[in-house]
Amino acid sequence: MAKVPITLVMIIAIVSAAADLGCDYGHHRCYIDVTVENSPRQRHLLSDMDITLQCVRPMAKWFYEDKFQLRATLLRLERAQSGNSGNYGCLDSQNRWYNISLVVGHKEPVGNDIASFVKLEDAPALPESDLFFQPLNESRSLKLLQPLPKTVQRTAGGLFQLNCSPMDPDAKGVNISWLHNDTQILGGRGRIKLKRWSLTVGQLQPEDAGSYHCELCVEQDCQRSNPTQLEVISRKHTVPMLKPGYPRNTSIALGDNVSIECLLEDSALEPKITWLHKGNADNIDDLLQRLREQSQLPVDVTRLITRMDEPQVLRLGNVLMEDGGWYICIAENQVGRTVAASYVDLYSPSDTTTVRTTTTTTVASPIPTASTGEDNDDDVENPAAEASGGVGPPVFRKELKRLQHSLSGNTVNLACPVYGKANITWTKDKKPLNRELGVYVQKNWTLRFVEATSEDSGLYNCKVCNAWGCIQFDFSVQINDRTRSAPIIVVPQNQTVKVNGSLVMKCTVYSDLHPTVSWKRVVLKNASLDGLKSVEIQNLNFTVTNDSVVLTLRNVTFDQEGWYTCLASSGLGRSNSSVYLRVVSPLPPLEIYALLHAHPLGFTLAAITIVALFLLGSAFITFMLRRLRREKLLKLRIETVHQWTKKVIIYRPGGEEGSGCSSGDLQMPVIRIEKQRTTVSTTGTGGTDPAQGFNEYEFPLDSNWEIPRQQLSLGSILGEGAFGRVVMAEAEGLPRSPQLAETIVAVKMVKEEHTDTDMASLVREMEVMKMIGKHINIINLLGCCSQGGPLWVIVEYAPHGNLKDFLKQNRPGAPQRRSDSDGYLDDKPLISTQHLGEKELTKFAFQIARGMEYLASRRCIHRDLAARNVLVSDGYVMKIADFGLARDIQDTEYYRKNTNGRLPIKWMAPESLQEKKYDSQSDVWSYGVLLWEIMTYGDQPYPHILSAEELYSYLITGQRMEKPAKCSLNIYVVMRQCWHFESCARPTFAELVESFDGILQQASSNPNDAYLDLSMPMLETPPSSGDEDDGSDTETFRETSPLRYQYTYKFN
């Protein structure tokens, strides 16, 4: 026997009745066929027996206390205890009902349950074989109604539920706890919900996987369930998944309106929904299979039209007889298709109908070219709730129980709750309600009749209807006459009392006949349980009141600890129930209380002294704190002055920072600078000069890009413009760079004589570079310094300068020299002239096309693509610059460089010259001019054209620049395609990348040489664009009349 607390229960069986019960007490087995009509309906059995109940074949439904248990032919109770006592019933396939009442051993007092029948009084002897004991942990309160599943698979983002209901869910004092990987789960908020007996985990995540089990406890006695292993599967794209129960079959009266819903689970792929109508189909499964295989629609199938904003709902109005039949819903996405059908049955308004809620569903195999996903098997706690508030027939809120059993004199409630508003009609045995004894009470969805009698048994039907249809349900009500039984005993729980204290225990008895009630005590001698000689039964004195028998114990001693049993007997049988009394020692009095009683005056004076000292100390501390506060405020007024600073405010339209460009063109951030008053300390606690700590501008902090100013060491100036300059610097500890490694970067900043407009331009350029992102063929932003000093924008550094100068210095026959003061390289030759041939120039064009392809994919327009705005980095990697400086296009009708007020008209497309229209295709025109620059080693385009009007006249007549001398025909064909007058006829940058990829492969003797190694890591050291350069070699023209040529030429 396990070492657990046990309850001593003494029961003497009725051995004389064992012969006709089909029981073998020697082997502790009992076999009962509940279908035998002449067998008794109430059985009295011993505990610890294996009881088998049999119902007719095939499988029957078993019920315990009117609650469904399982579907089987046999119901087996292993080592049955008093907790298994109660009413059992089975319902066979012919709806025939059989029931039996079992009384097993002794049942612990719970509510008004019938206690065990015993023969304790008037027993001449107590045979040793009839004495046994019941452990506490055998209670039905700690047995699970159903075991937990061993393994469960769920999809990430789905729902996971477990239920640990005990066999007696109404038992009191039962506590439940849930554990995940042996760690207690604390729910109540977030994704984890704990109800009475259930655990629900929503929005599953990978860390939710593991072992789950529950633990039921009654006082100190606990029992743990078997573990359930949860596996969380990552969510992938799947075919459209229908919500359970959709679409629903329905019945509708002629002339009424009906809505059929094809509701789908949420999915990242937007499905396309199609509705078809098929009349009476002989084999609907064949039709669904053909549709699943994506074959052509049959001739006799009609395609229906639904609202574009609500394709999942098909609405039919004023239905006719030809509208009946099958309605097929096809939901399709890139993975596959799901096909489901529902049947619409039409009837005359005078007929009665029952709504059918079945669905025919089939899922197609995935489309061959799309990636397949896994089915979503997430649980849905209440699928019917999805239909609440919708258009359609009523839907029951919960599953209804057909069989209703009760005893005579009880109140019976029948309920048919539905969602929404509807009318309900009740009938009994297909007739209107009519009760001879008593009345029926109807309230909302409930039918109630009190003091039920056997005449109230019958078939009750509820019919609920609304404007779209009706549903109905049948209740089979069986009212049984109350069987007179042995007395029912209600006793208190186990008691605890202090030694020498008093205790009152009441034993309340309910009986059909006048009972005889008494209190007895069971005494164990020598703490032995091995025989009858160690047990003694003592009679106790008690008093009888109107409704109970009271046992009063005074001056309780330790010897009186033990079991006390209340016995009740009548002509119908005997019952008993026990309670355990525990006697404990009182707590010893504390010494402080003894001293208090001995010296009350001394304790009073000490308390008064402590309180007085506390009050005086509080007053002193309050006075000192107020004085220090006044002195601090006075000192602060002396040490502070007020100055005006400028706050930079950045508005990012089209999404959050870092989200890239929105749909359409790049939405430039709006920069506002507002003045505000700032308090500055004049003494500075750090010992620094206040003037050095004061900043003219206050910038918002962006922790993703902010770099400490101490990590930069500024060097020589690379270039200057009208309002800003670019400085070479050494940076330490940049993100994604080796520790303690120094990186050469370029730092952009405004000059001392700058204006607010100049500062806004630099901030706008920085924000645009943040939104565009990183690519190997564009100048990338590395970070910024915006706090504790002027604004520094840190970008990559390109040591070889811009492409235009690079081509000029490396053209055939050119002297190989460079300036020492430009901050780039010394006079060493950049690249051997014999290697800078057409193939290398084509590689340069290929890289620039890749960079422009990336900008176009980000919906960003360059507006000033030219060789002067392409920088040459380490390894002769081309990097596009100045894409962040097309800032004035949205503020004015054209782009004007702030340095010298000139326009790059020779690189502008015709639509940009005429209408100031800029898009990705106008950048393609500029790319063609850039390609011409590359193939001529940096020559100026259109050398003989001097004005915008002359250039537009030259282009509109169909004239284009001639093929360069050292340019192949394939590359010149690409130039001419970029110079197509109609923008829609020009190739895209993606197509240009493919063209140059093919040209490089054809030009290479080794196929592997045709590809550039562009998978190298991002350079951390390239520079900014050369927007602030003086542009001495840039052929641009001053804008003599900004609007004159806009109206001179018109498109046809």
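The backbone N, Cα and C atoms fix where each Cβ goes, glycine too.
The C-beta environment of N99 (N-linked glycosylation site), restricted to residues of the same chain at least 6 apart in sequence and closer than 8 Å, consists of V34, R41, N87, Y88, G89, C90. Residues or ranges marked as N-linked glycosylation site in Swiss-Prot: N99 (among others).
The domain 'Ig-like C2-type 2' annotation in Swiss-Prot covers 124-230. In the predicted model, residues of the domain 'Ig-like C2-type 2' (124-230) average a pLDDT of 76.
Among the features that Swiss-Prot reports, N-linked glycosylation site is placed at N137 (among others), with the record citing sequence analysis.
Taken from Swiss-Prot, the feature N-linked glycosylation site applies to N181 (among others). The number of other Cβ atoms within 10 Å of the Cβ belonging to N181 (N-linked glycosylation site), over all protein chains shown, comes to 11. Secondary structure at N181 (N-linked glycosylation site), as computed by DSSP, is coil.
What Swiss-Prot lists as N-linked glycosylation site is N257 (among others), and the listing cites sequence analysis. The 10 Å shell around the Cβ of N257 (N-linked glycosylation site) contains 13 further Cβ atoms across the protein chains shown.
Here Swiss-Prot flags N423 (among others) as N-linked glycosylation site. Long-range neighbours of N423 (N-linked glycosylation site) (same chain, six or more residues apart, CB within less than 8 Å of its CB): V464, C465, N466.
The secondary structure of N444 (N-linked glycosylation site), as reduced to three states from DSSP, is coil rather than helix or strand. All protein chains shown were included, and the count of other CB atoms within 10 Å of the CB of N444 (N-linked glycosylation site) stands at 8. The N-linked glycosylation site annotation in Swiss-Prot covers N444 (among others).
The domain 'Ig-like C2-type 5' annotation in Swiss-Prot covers 487-585.
Counting only same-chain residues six or more apart in sequence, the Cβ atoms lying under 8 angstroms from the Cβ of N494 (N-linked glycosylation site) belong to V579, Y580, L581, R582. Secondary structure at N494 (N-linked glycosylation site), taken from DSSP and collapsed to helix, strand or coil, is coil. For N494 (among others), the entry in Swiss-Prot reads N-linked glycosylation site, with the evidence type sequence analysis.
Taken from Swiss-Prot, the feature N-linked glycosylation site applies to N500 (among others). For N500 (N-linked glycosylation site), other Cβ atoms within 10 Å of its Cβ number 12. According to DSSP, N500 (N-linked glycosylation site) sits in a coil region rather than a helix or strand.
According to Swiss-Prot, the N-linked glycosylation site annotation covers N526 (among others), on the basis of sequence analysis.
In the shown protein chains, 9 other C-beta atoms lie within 10 A of the C-beta of N541 (N-linked glycosylation site). Positions annotated as N-linked glycosylation site by Swiss-Prot, on the basis of sequence analysis: N541 (among others).
DSSP assigns N555 (N-linked glycosylation site) to coil, not to a helix or a strand. What Swiss-Prot lists as N-linked glycosylation site is N555 (among others).
The N-linked glycosylation site annotation in Swiss-Prot covers N576 (among others). N576 (N-linked glycosylation site) carries a strand DSSP state (E or B).
As annotated by Swiss-Prot, ATP binding site applies to L718, G719, E720, G721, A722, F723, G724, R725, V726, K748, with the evidence given as sequence analysis. Around V726 (ATP binding site), a 10 Å sphere centred on its CB holds 25 further CB atoms from the protein chains shown.
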Please report the distance from the Cα of N257 (N-linked glycosylation site) to the Cα of V726 (ATP binding site), rounded to the nearest angstrom.
74
Which of these glycosylation sites is closest to V726 (ATP binding site) if you go by CA atoms: N181, N444, N500, N541, N555?
N181
Does DSSP give N257 (N-linked glycosylation site) helix, strand or coil?
coil
Which residue, of the recorded positions N555, E720, G724, has its CB surrounded by the fewest other CB atoms within 10 A?
N555
For L718 (ATP binding site), what is the tally of other C-beta atoms lying within 10 angstroms of its C-beta?
24
What is the separation, in Å, between the Cα atoms of G724 (ATP binding site) and N181 (N-linked glycosylation site)?
62
For the domain 'Ig-like C2-type 5' (487-585), the number of residues DSSP places in helix, strand and coil:
6 helix, 58 strand, 35 coil
For N500 (N-linked glycosylation site) and N555 (N-linked glycosylation site), what Cα-Cα distance in Å is obtained after rounding to a whole number?
4
Hey, how far is E720 (ATP binding site) from N181 (N-linked glycosylation site), Cα to Cα, in Å?
65
